[in-house]
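Working notes, beginning with the structure itself.
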Amino acid sequence: MARKVLTLAEVRDGALRNVSFEAISAAKTIAEGGEVVAVVVGASVRSLAPELIAYGADRVIVVEHEKLATYTPDGYAQALQAVVEQEKPEGIVFGHTALGKDLSPKLAAKWQSGLVSDVVAVEATGGNIVFTRPIYSGKAFEKKIVTDGLMFVTVRPNNIAPLEKDESRTGAVVDVQVDIKDLRTIVRDIVRKTAEGVDLSEAKVIVAGGRGVKSAEGFEPLKELANVLGGAVGASRGACDAGYCDYSLQIGQTGKVVTPDLYIACGISGAIQHLAGMSNSKVIVAINKDPEANIFKVADYGIVGDLFEVVPLLIEEFKKIKVHA
Amino acid sequence: MNIFVLMKRTFDTEEKIVIQNGKVNEEGAEFIINPYDEYAIEEAIQVRDQHGGEVTVVTIGNEDAEKELRTALAMGADKAVLINIEDDVEHRDQYTTAKVLAEYLKDKEADLILAGNVAIDGGSGQVGPRVAELLGIPYVTTITKLEIDGTNVKVVRDVEGDEEVIETSLPLLVTAQQGLNEPRYPSLPGIMKAKKKPLEELELDDLDLEEDDVEAKTKTIEIFLPPKKEAGKILQGDIADQVKELVSLLHTEAKVI
């Protein structure tokens with residue numbers, strides 16, 4: 001059954017986030033041959049439209065307004081309301097990001113609809129669209145269907161493969177005009193605390209440190225390893241509590257949930273709190289002095305040893321591979 | 001100030017998850033106040049102590065949730081409300097929860113509503129913003145700081161590690177993020193006092209809602225455990241050799257590099 005499905009593209013530092021392409025891929029499955037329309041919202045975002053088409057959007061709707069330069073729930077809801085009223089889609093896919101998590105429940109409530117959030121897989125099973133999502137902090141999974149109303153969905157970054165980028169795809173780019181008014185929350189300031197570069201929730205490789213890193217300086221080799229691999233640095237709660245790094249790096253039940261292709265845990269014991277945030281990573285490497293550490297139970301590969309000895313050696317070896325590649 | 005906290009009783013995820021007859025077996029498991037809701041309760045108490053008023057903690061659940069409500073009262077909340085829809089509504093989801101809570105709150109003239117940003121069991125993170133939308137009030141999610149001056153509110157919000165400083169006004173709904181405060185433990189006198197504090201019990205009828213008004217929009221068709229992970233490979237030998245082997249395995253076997 002063909003359906004028209006919208007996706008909300010997400011922009012960060014002037015570029016589209018990867019999850020925007022993953023949302024298009026999920027929307028294609030949900031649409032079952034129907035039209036997938038990517039919506040991009042902001043002050044000046046029109047130039048991003050061709051990339052959305054290259055990643056599989058059949059059409060792009062651009063909503064530009066100076067009051068949409070910064071995300072607010074009221075501003076974005078007004079923009080999307082105009083688009084939904086015009087397009088009458090059967091589903092809308094967001095990234096399960098700070099923005100998607102904040103906005104999607106508001107819209108689902110407005111349309112008296114269900115919302116399946118934090119989706120890691122989508123299948124069309126002939127009739128139903130079945131969504132898989134983690135529950136109990138990833139210790140179990142549930143399969144859900146939408147039984148009534150519009151299908152609102154948020155997809156967890158890094159889980160649904162985007163379509164192959166194809167610059168030869170074509171599609172219309174159209175503007176929708178909106179009047180944005182009465183914003184009840186105003187963003188006065190944005191304080192950047194995260195490091196430049198790779199976004200933790202979208203990183204393909206994460207190098208994470210725990211108490212075993214021992215100090216803020218101890219994170220330096222981890223940062224270098226992350227750099228060599230084009231990845232991001234994360235931390236356990238223990239390392240954050242000890243003041244070795246900012247809480248913005250925390251991975252776990254409180255903190256971020258990540259699913260990179262490669263997770264390298266350095267000096268992390270593997271408390272349940274931490275495992276809840278990373279155990280669904282595709283490949284886990286553990287480096288720890290304590291052979292009994294819990295982290296080895298979820299690791300695919302383990303090295304029992306001192307991270308300050310192992311990590312520099314790893315940096316050298318990965319550099320060699322990079323030279324060959 | 002009229003302050004409400006939306007609380008959920010959750011399965012402690014430190015518990016082992018066992019699936020029986022297609023459901024997570026809750027028998028004998030430990031239940032707790034959802035950790036993010038504890039921040040919301042603590043913040044509500046602090047706001048009341050600073051600005052005056054009353055804190056009411058509301059939950060949807062069955063009589064078992066009385067224990068968590070009493071804990072919230074022992075922390076310092078003034079009143080508790082248990083909305084028991086178990087017998088009335090067979091199919092429930094976040095649409096149901098938000099609709100019931102909003103129906104309860106609509107004539108309460110709340111100045112401030114607090115909730116956790118996500119529950120650690122279902123992990124949907126929907127109920128706060130949904131309730132705000134249904135009540136027609138603004139909301140700010142994942143907050144780490146709250147300052148109230150008259151009806152003006154300044155909030156700091158965690159956005160994937162960055163901070164947004166937001167200005168808004170009451171009435172307002174906020175959802176709590178880790179870092180907002182350090183929730184207190186109930187004191188012994190607090191526990192004694194909590195026994196005498198009012199705990200009201202409501203059903204769907206008391207809210208002028210019919211089952212059809214709140215029926216779920218989504219349905220869970222299966223619950224399953226992730227495939228058991230095979231034991232990992234602990235490398236052996238000289239550290240330098242282990243590192244070489246690891247890089248080679250990541251390259252050729254796992255193919256992630």
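Positions of Cβ are set from backbone N, Cα and C atoms, glycine also.
Per TrEMBL, the features are:
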DOMAIN    A:5-195  domain 'Electron transfer flavoprotein alpha/beta-subunit N-terminal'
BINDING   A:R211, A:236-237, A:250-254, A:267-274, A:N288  FAD binding site
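Local packing around the binding-site residues A:I268, A:A271 was summarised as the count of other Cβ atoms within 10 Å of each Cβ; on this measure the leading residue is A:I268. Proximity to chain B, taken as a Cβ less than 8 Å from one of its Cβ atoms, holds for A:Q253 among the binding-site residues A:R211, A:Q253, A:I268, A:A271, A:H274.
The binding-site residues listed here are A:R211, A:H274; among them, A:H274 has the most other Cβ atoms within 10 Å of its own Cβ.
The binding-site residues under consideration are A:Q250, A:Q253. Their Cβ neighbour counts within 10 Å are lowest for A:Q253. Mean pLDDT for the domain 'Electron transfer flavoprotein alpha/beta-subunit N-terminal' (A:5-195) in this predicted model: 96. DSSP assigns A:Q253 (FAD binding site) to coil, not to a helix or a strand. The DSSP secondary structure for A:R211 (FAD binding site) is helix.
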